[in-house]
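K.L.:
What follows is a structure written as structure tokens; I'll ask about it next.
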Amino acid sequence: MTTGGQPRQPVNGRTVPSRCHTAARVTAAVFGAYGFAWGLASFGAELGALAGMAPAEAVTTSSLLALLVLPVVALWAFAVPRVVVGWAVLGGGGVLLTVAARLAGVAAP
Amino acid sequence: MTKERRKLITSALRAAMLWPHTWTGVALGGLLMLIFFMGSLAVFASEIDRWMMPATRIGAVETGPVSLDRAAVPLVEAIAAGRAVRDWYVQLPNERRPVMAFRVRTDSGNAAGMATADGRLLAPVGTLGAGSFFYPLHYSLLLKAGFVGYWIVCFVSVAMLAGLISGVIIHARIFKDFFTFRSWGQIRRSLLDLHNLAGVLILPFHLMITFTGIVIILPIVLPAGVHALYDGDVQRFYDDALGNYSRPRSGISAPLAPLDPMVAEARRLWGGGEPAVVFVYNAGDAASVVRINRDTGDRISLDIQPVFFDGTSGALLNYRRPGPMVATHHVLSGLHFAAFEHWPLRWLYFLSGLAGCVLIGTGMLYWMEKRRVAHGRKPGIGWGSVAALACGSTTGLLIATLSMLAANRLLPAGVPSRELAEVGVFFLAWIGSAIQAAVRTRSDPPWSAHCAAVALLAGSCAVLNWITTGEHPLRAVALADWPVLGVDVALALTALAAWHVSRRLACRQTPDLSTLMKVTDHG
């Protein structure tokens, strides 16, 4: 949090991050976290369907769980020390889960 | 504080949470304020509607159960005014809305109308009222196309959830400072205390209302599961989850079977309960479908238990109970809607919603006061923008709402598109007050002038209701017209409070920067 055109100074022992770094964190929190929630909801729905739940039940359950996770992982994107790790876990995890859901959907009878 | 908690919430985590907490608040505070304020008003939408639609203040329904065939069906053609009716529905009278409300979809546009329980059509109300303006503004910002409004509201709501969670982490000494409020201290300190008090005390409500608000439209904003199992067809998911039934028009015309026996059959299937809404799809067609929704006033769950009948034969087409998770979804949605008959809880919802506005508003004010120290006497353009935004979204929003209520009482009935004229007044007043706030913000936004405007508008709204409808508070008491009395009293209280605040602010000394600099806080 800098002010106006003042030089960037350490605040509370933490160096103030660059604009690019901040943008990476914000996009990780917004898009990365949503992608992660998307992956969870879609994988959960497929898992539920495989486990024999009615489709509407599986979709509702997995979406509610994903919504619980969404704000927490969005904040975690700010808490994780390295933003690259945040992007890797959220974005990569989201893609992996979505692909896994696809595979489960193909495998399902 | 236990040792475990100390480990879980480190000072590094607290420091990391400060940035998202601050900037979601500053960037999205205005929108959140709009959503929370309009949501609070929506709790009493029916009561505000009675105030804004004097023709519908007709006391409780005393004619017994409505006969749809005698009272409702003949009115549909009259409301359609000669156009071919495609679909229509009627909301039946209840304790809070003593009239039937019709919506008719015709070949050329929609039509709406209201009628008494015994089937007397009322003159057009000429207003959208709280139910069709404040309430949609709350959940969709009136941006219906492509669900854009839903997406924005849900994005902001997730940010609110993140803000609440990060706020708890930042303020880890939560139980120690639970009831700390030092109003006699520095303004910045008391703002922070008020922010924390509103945040902590009402935290369960805030978490519940924000979460359940997103839950209602979750399949639209997080359609991942729908994409996985329904090929992305949200309509098919809803039909499956809610037990809906639909079929296309056949093109063969056929008369509508009597509705009253269908309502009786629906009652039998429900095992008691009252019908709330009756839909007729494909009206006048051999493939017409009648849908009857149950009133949810006697339960938390928003399970409307729709029953579907064949419109020409009256035979039962579909009635299915939801599975346990969909039922859970209904309960969560019902917690948000608060459609249940429970007056103390309704007031609690209303007041908690306003406490949410206090939380958001004090957060923005606290940021402004803190930044003022950093910027010195000459605030930058960023500070000025946030100040104008904060002013426009709090007092400006009140001015806009009250201007619309005043326009509702002042515009003559003959004005063409009267309901849109009211909406125009709302937005013009809002834009005007925001521009005024932006122009007049020097060391502070024009809080005092705005509060004075709020006081004058609120007071004149109550007086205008008296002049234009003849219903002053004493008469409202005599008639037991509690909705109108309630709105009038709320307006009078708003006027008194706003006037008091305005006087206090006008007399306030501009704080000296040197004293501002001396203040320390733990934020």
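Placed from the backbone N, Cα and C atoms, the Cβ positions cover glycine too.
Sequence annotations record features per position, and here TrEMBL assigns transmembrane segment to B:23-44, B:121-142, B:148-175, B:196-222, B:347-368, B:380-400, B:420-439, B:451-468, B:480-499.
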K.L.:
Counting only pairs 6 or more apart in sequence, are there at least 3 Cβ pairs under 8 Å between the transmembrane segment (B:380-400) and the transmembrane segment (B:148-175)?
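P.N.:
Result for the transmembrane segment (B:380-400) with the transmembrane segment (B:148-175) is no.
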K.L.:
Mind checking which residues of the chain, 6+ beyond the ends of the transmembrane segment (B:347-368), have their Cβ under 8 Å from one of its Cβ atoms?
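P.N.:
Residues packing against the transmembrane segment (B:347-368) from afar: 22, 25-26, 29, 32-33, 36-37, 39-40, 43-44, 188, 191-192, 194-195, 198-199, 201-202, 205-206, 209, 338, 383, 386-387, 389-390, 394, 523.
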K.L.:
Report, as numbers and ranges, every residue of the chain located at least six residues beyond the transmembrane segment (B:420-439) whose Cβ falls under 8 Å of a Cβ in that stretch; write 'none' if there are none.
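P.N.:
Tertiary neighbours of the transmembrane segment (B:420-439) are 127-128, 133, 384-385, 387-389, 391-392, 395-397, 399-401, 403-404, 407-408, 411, 445-446, 449-450, 453.
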K.L.:
Give residue numbers and ranges for long-range contacts of the transmembrane segment (B:148-175): same chain, 6 or more residues beyond its ends, CB-CB under 8 A.
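P.N.:
Counting only partners 6 or more residues beyond its ends, the transmembrane segment (B:148-175) has Cβ contacts under 8 Å with 1, 5, 9, 13-14, 17-18, 20-21, 24-25, 28, 31-32, 35, 139-142, 196, 199-200, 203, 206-207, 210-211, 213-214, 217, 220-221.
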